[in-house]
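Enquirer: Just dropping this structure here.
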Amino acid sequence: MLRRRGGPNELRDELNNSKNQPEDDQRTKRGRESIGFRHWIYFVLTVAIVYAGVVALHRKMPAVRDGTSFEDFSEQRARVLLKQLTALGSRPSGSDNLEVKAFGMIQDRIGKIHSVVDEVGVNRLESDVQRPSGCFDLKFLSSFTLCYHKITNVVVRIGPKKGPSGNSLLLNCHFDTMPDTPGATDDAVACTIMMDVLEVLAHSKTELENDVVFLFNGAEENFLQAAHGFINQHPWRHDIRAFINLEGTGSGGREILFQAGPGNSWLLQTYLENAPHPFCSVLAQEIFQSGIIPSDTDFRIFRDYGRISGLDIAYTKNGWFYHTEFDEEWRIEPGAIQRAGENVLAVVRAILKSPYLEKPATFDEENRWVFYDVVGLFTVYYSVNVGKLLNYIACFATYFLVVLRIRNRLYSVGDLAIAFKHHVVAFLAMVITMLLIIAFVVQMDLVMCWYKMPEIVGALYVLPMLIAGAIVHSHYADNNRIRNVEMVQYDTILLSFASILFLMTFYNLSSAFYVLNNLILPVFKDIIIWALGLFGVIRRVTPRVLFFTQLFCFLPTFVFAAYAISQCVDFFVPVMGRLGNAINPEFIMGPLGLVIASGFILFVNNLFYISRRMNYIIRLLFAIFALFILVLITTKVGNPYEYSHENPRLRRIIALHANRTIYDFEGHLTQKDNALFVHSLDYRGASDLPDHSFLQGSSAPNCTGVVDEYCRMPYYTAIHELFPPEQSLWVPVPSPVVLPYPIDLKLVSRHAMGENLNLTFEIRGGYDKMSLHVTPLNDYDLLSWSFTDIDIKEFGRRQTYFVFMTYGHEAPEVRRFWILLKNKNGVAPDPEKHENIELSVATHYAHGIYQDTETLRQLRAMISSRRQTPEQAVGWWRWGITMVGGRSEIVVKIF
């Protein structure tokens with residue numbers, strides 16, 4: 001006859017007679033049927049097999065299709081243009097590589113496709129070159145203003161031959177890059193995918209139901225300027241009803257749908273139903289939209305300025321290569337382009353046929369879908385309302401189960417309280433362990449030791465926290481006096497998940513699906529045991545039956561956990577290399593390890609109470625951890641950076657060879673110097689750079705008495721909050737920078753009007769990237785200016801306002817602007833006698849023949865040589881560097 005825990009009353013009574021007494025429970029625990037070492041080996045092997053299977057599926061790519069058939073997308077065809085674009089090298093907006101060479105390649109391909117459309121005779125194709133100018137305000141990393149002049153957009157529209165349908169789908173990519181990167185994944189590959197999709201549609205012998213607009217934009221890396229120019233100024237913008245934005249923040253791998261909306265849930269549903277290789281998660285959307293990721297895409301521009309709903313899709317694997325010299329075509333593995341192209345083509349075809357494309361956009365509609373893929377095999381999606389219902393049902397079913405057991409005297413509320421105390425103490429022990437590990441890492445100068453090898457996070461943080469949690473629960477198990485202790489501990493697991501699920505649902509977090517998946521099957525553990533007994537599979541409930549049933553119930557949990565962990569570690573570890581100097585990344589990776597470790601302990605803690613003593617296993621784990629620490633501090637395993645041809649894991653730096661001139665209120669030159677302005681993009685900072693004559697006598701800039709938030713430094717963009725001036729280096733060098741276009745800043749007029757002061761300025765010279773620091777002085781505040789209709793309340797009042805000015809195809813002869821200041825005291829002092837405003841104008845030569853000086857060329861050569869031979873001297877691993885560089889000038893004047 002079956003002995004079991006919980007369930008129908010007649011079986012529960014038999015279970016109680018055999019198992020309810022604490023002394024019987026303790027004897028069972030120490031007996032031959034209790035869980036032993038080999039069962040924990042089974043458990044670890046199961047988790048390892050699940051993780052390996054998940055990773056294998058995560059890396060699986062479809063076969064590359066032959067390029068001779070135009071019925072389907074072909075990576076083989078797409079790579080031809082990709083190789084051509086990346087062979088040009090870096091392509092910043094305004095460079096010859098972009099404005100002439102890459103532009104010519106794209107135009108040439110469009111011309112050939114136009115001939116195909118004319119030959120087939122079913123559809124029509126139009127193309128246009130747009131060169132917009134404009135300004136807008138942006139809150140990203142900081143608050144700043146962007147102005148652009150004649151940047152380049154190449155726009156193509158294909159649709160039914162009878163004429164524009166009035167309803168268009170927009171596909172967007174950008175073919176410009178950051179300086180010093182060939183930009184294969186960011187974002188040339190997206191443009192080649194779009195080009196092949198266009199070619200497939202061009203060969204179609206079936207008339208398209210609606211139009212598709214392809215935007216090849218040439219100034220995304222200037223903070224989304226080209227998308228802004230298109231959606232605000234191009235005549236085709238009025239017919240666009242939805243968009244797909246293609247991006248890249250890594251190199252290859254599977255592209256993920258990480259943003260959808262706002263509103264227009266049919267658009268998301270179309271992707272979920274039609275993409276043959278889905279990879280998506282509402283959890284990724286909520287993380288990205290929270291702002292913790294230092295990145296942004298054109299999705300924001302189309303959403304905020306065009307009020308259009310869309311899909312944001314990006315490559316994220318190998319983020320170490322993002323915005324570096326290593327973002328190369330050959331690093332994108334075969335099949336990665338094929339799967340993205342097949343997904344995009346299938347979704348485009350489905351959207352064009354959708355009747356919803358013709359309906360007015362429900363833009364203000366909230367997200368209505370919970371969606372995620374299951375290891376890339378299929379997608380699960382349901383409405384938010386259905387999700388809330390499922391979540392609350394799962395919560396109340398759990399609460400009902402616990403109440404039922406309390407009423408049937410299987411355990412008491414006091415027993416639950418004691419079990420929760422076990423969880424709290426275990427969690428506190430893990431938190432303390434995490435903090436001790438972080439302190440050890442900082443003290444031993446091991447910060448970011450996991451950067452080149454993400455697996456170290458598991459050994460450094462997860463393992464010791466697992467040991468801490470196991471010690472606590474093992475101690476309580478050895479001193480247990482609760483009857484049915486395993487049941488009590490297990491039910492507190494369910495209560496914990498149910499409570500978390502309830503709170504996430506209450507606060508409208510769609511990512512609550514993840515907790516729901518961890519709760520559904522474990523709730524049915526006892527029912528499964530009852531069914532096994534009913535069909536004669538088991539005769540009685542033993543610790544081993546409980547173990548294997550729980551292992552089965554938690555298999556989906558392990559799959560989802562392994563999937564989430566592999567994605568989070570793969571994504572977040574490389575991001576730490578560009579997160580800046582303000583946040584110690586150990587306080588990000590440590591809590592990430594805590595989530596993994598505490599989740600694992602929570603899943604299995606009840607098994608400690610039906611196991612033999614855990615002392616041997618704990619000692620073994622501690623010995624493994626001690627051996628790991630020894631290896632970490634005595635070998636190169638603990639070095640955060642390492643160069644290899646296949647997998648470079650390098651420190652990012654920006655090095656600008658700059659001339660700086662400073663003038664006082666009277667117009668007298670007070671300071672003129674030449675230096676390397678260097679900042680490291682990760683937390684180890686510029687002070688961690690290797691010792692060399694280039695850096696001898698260097699120190700952080702002296703910002704004493706400087707009002708400018710940017711410390712009168714030639715920042716490329718407004719990133720001083722992530723990379724503060726005091727964390728950078730100002731390295732004096734003897735050689736001045738030869739400047740082909742020196743900056744000439746002049747005051748044109750100055751008019752006082754009561755408490756207001758209007759100043760008009762002109763800037764001549766400078767290159768295609770220019771930064772303006774506007775710092776009001778002597779109780780003045782910025783009221784307005786000619787760049788934008790700035791809303792100070794929305795924008796945020798600042799000590800220094802930053803304007804990033806660029807040009808693309810053509811340079812402006814002069815930049816003329818006015819600034820209106822308001823005095824806080826109500827009466828403006830005599831502007832002729834008092835300082836009113838400080839302007840700093842910096843320009844950057846980030847491409848072409850003017851980019852490098854001899855000093856920068858020597859620095860590049862030294863980095864390239866020494867990062868390949870770190871074994872030649874102690875500490876040479878610090879030469880594991882990848883560099884963005886250029887010449888620069890900054891002129892500071894007080895008016």
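Backbone N, Cα and C define each Cβ position, glycine as well.
The active site, proton acceptor annotation in Swiss-Prot covers Glu220. Under the heading Zn(2+) 1 binding site, Swiss-Prot lists His174, Asp186, Glu247. According to Swiss-Prot, the compositional bias 'Basic and acidic residues' annotation covers 10-30. According to Swiss-Prot, the N-linked glycosylation site annotation covers Asn659, Asn702, Asn758. Annotation source Swiss-Prot lists site 'Transition state stabilizer' at Tyr322. Feature annotation from Swiss-Prot assigns topological domain 'Cytoplasmic' to 1-34, 405-423, 474-492, 539-544, 608-613. Taken from Swiss-Prot, the feature topological domain 'Lumenal' covers 56-383, 445-452, 514-517, 566-586, 635-895. Among the features that Swiss-Prot reports, transmembrane segment is placed at 35-55, 384-404, 424-444, 453-473, 493-513, 518-538, 545-565, 587-607, 614-634, with the record citing sequence analysis.
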Enquirer: Could you give the number of helix, strand and coil residues in the topological domain 'Lumenal' (514-517) as assigned by DSSP?
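Expert: Counting residues by DSSP class gives 4 helix, 0 strand, 0 coil.
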Enquirer: Near Asp186 (Zn(2+) 1 binding site), which residues of its chain come within a Cβ-Cβ distance under 8 Å, counting only those 6 or more away in sequence?
Expert: Thr177, Met178, Glu247, Gly248, Thr249, Tyr322, His323, Asp327
Enquirer: Just to confirm my parser: what is the rounded mean pLDDT across the topological domain 'Cytoplasmic' (1-34)?
Expert: 43
Enquirer: Test of understanding: applying the rule of at least three C-beta pairs under 8 Å (pairs 6 or more apart in sequence), is the transmembrane segment (545-565) touching the transmembrane segment (35-55)?
Expert: yes
Enquirer: Between the transmembrane segment (587-607) and the transmembrane segment (453-473), are there three or more C-beta pairs closer than 8 Å, counting only pairs 6 or more apart along the chain?
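Expert: By the criterion, they touch.
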Enquirer: Check the glycosylation sites Asn659, Asn702 for other C-beta atoms within 10 angstroms of each C-beta and report the one with the most.
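Expert: That would be Asn659, with the highest Cβ count within 10 Å.
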Enquirer: Identify, in sequence order, the residues in the chain of His174 (Zn(2+) 1 binding site) that are 6 or more apart from it along the sequence and have a CB within less than 8 Å of its CB; answer 'none' if there are none.
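Expert: Counting only residues 6 or more apart in sequence, the Cβ neighbours of His174 (Zn(2+) 1 binding site) under 8 Å are Asp187, Ala190, Cys191, Phe216, Asn217, Gly218, Ala219, Glu220, Glu221, Ala226, Asp298.
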Enquirer: Please report the Cα separation of Asn758 (N-linked glycosylation site) and Asn659 (N-linked glycosylation site) in Å, rounded to an integer.
Expert: 30
Enquirer: Between Asn702 (N-linked glycosylation site) and Asn659 (N-linked glycosylation site), find the distance joining the two CA atoms and give it rounded to the nearest Å.
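Expert: Rounded to a whole number, the Cα-Cα distance is 16 Å.
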Enquirer: Determine, for the Zn(2+) 1 site, the additional residues of the same chain whose CB lies within 8 Å of the mean position of the CB atoms of His174, Asp186, Glu247; present them in sequence order.
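Expert: What remains near the Cβ centre is Cys173, Gly183, Thr185, Asp187, Ala190, Glu220, Glu221, Leu246, Gly248, Thr297, Ala314.
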Enquirer: Which residues of the same chain, at least 6 past either end of the topological domain 'Cytoplasmic' (608-613), have a Cβ under 8 Å from a Cβ in it?
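Expert: Distant contacts of the topological domain 'Cytoplasmic' (608-613): 28-30, 34-37, 39-40, 470, 473-474, 476-478, 480, 485-486, 489, 543, 546-547.
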Enquirer: What stretch, picked from 384-404, 493-513, 518-538, 614-634, has the most CB pairs under 8 A with the transmembrane segment (453-473)?
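Expert: When the Cβ pairs under 8 Å are tallied, 614-634 comes out ahead.
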Enquirer: Quickly jot the same-chain residues contacting the topological domain 'Lumenal' (566-586) by Cβ under 8 Å, restricted to those at least six beyond its ends, or write none.
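Expert: Hits for the topological domain 'Lumenal' (566-586): 51, 54-55, 58, 250, 293-294, 316-320, 322-323, 438, 441-442, 447-448, 450-451, 454, 457, 592, 651-652, 679-683, 685, 719, 721-724, 727.
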Enquirer: What is the total of other Cβ atoms whose distance to the Cβ of the residue listed as 'active site, proton acceptor' is within 10 Å?
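Expert: That number is 27.
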Enquirer: Provide the number of Cβ atoms within 10 Å of the Cβ of Asn758 (N-linked glycosylation site), excluding the reference atom itself.
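Expert: Its Cβ has 17 other Cβ atoms within 10 Å.
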Enquirer: Including all protein chains shown, what's the count of other C-beta atoms within 10 A of the C-beta of Tyr322 (site 'Transition state stabilizer')?
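Expert: For Tyr322 (site 'Transition state stabilizer'), the count of other Cβ atoms within 10 Å is 25.
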Enquirer: Just how many other Cβ atoms lie inside 10 Å of the Cβ on Glu247 (Zn(2+) 1 binding site)?
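Expert: For Glu247 (Zn(2+) 1 binding site), the 10 Å Cβ neighbour count is 25.
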